[in-house]
C-alpha cells in the first residue's frame, strides 16, 4: 500500500481543494434575441449557434 513520505502542509491541501468549490454558471446575453444563454452553447429558443441555424426552434406552448 502506498504511503506518503511527507506530511501534506495545510497550504498544499488548500491549493488542492481550491478547485472543488461549486461555481455559479456564467451566462451571456445573446446578441440577436437578447436572451441569456451559456457561452459556447446553442440558444435553444432560436436554435442558433454563432450566427448559424443548427436546430429547429422550440415552439412555445
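Residue numbering: from 1, along the chain as shown.
Using the three backbone atoms N, Cα and C, a Cβ is placed for every residue, glycine included.
These features come from Swiss-Prot:
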COMPBIAS  1-16  compositional bias 'Basic residues'
REGION    1-61  region 'Disordered'
COMPBIAS  28-44  compositional bias 'Basic and acidic residues'
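When the compositional bias 'Basic and acidic residues' (28-44) is classified with DSSP, helix, strand and coil residues number 0 helix, 5 strand, 12 coil. Note on the compositional bias 'Basic residues' (1-16): DSSP counts are 7 helix, 0 strand, 9 coil.
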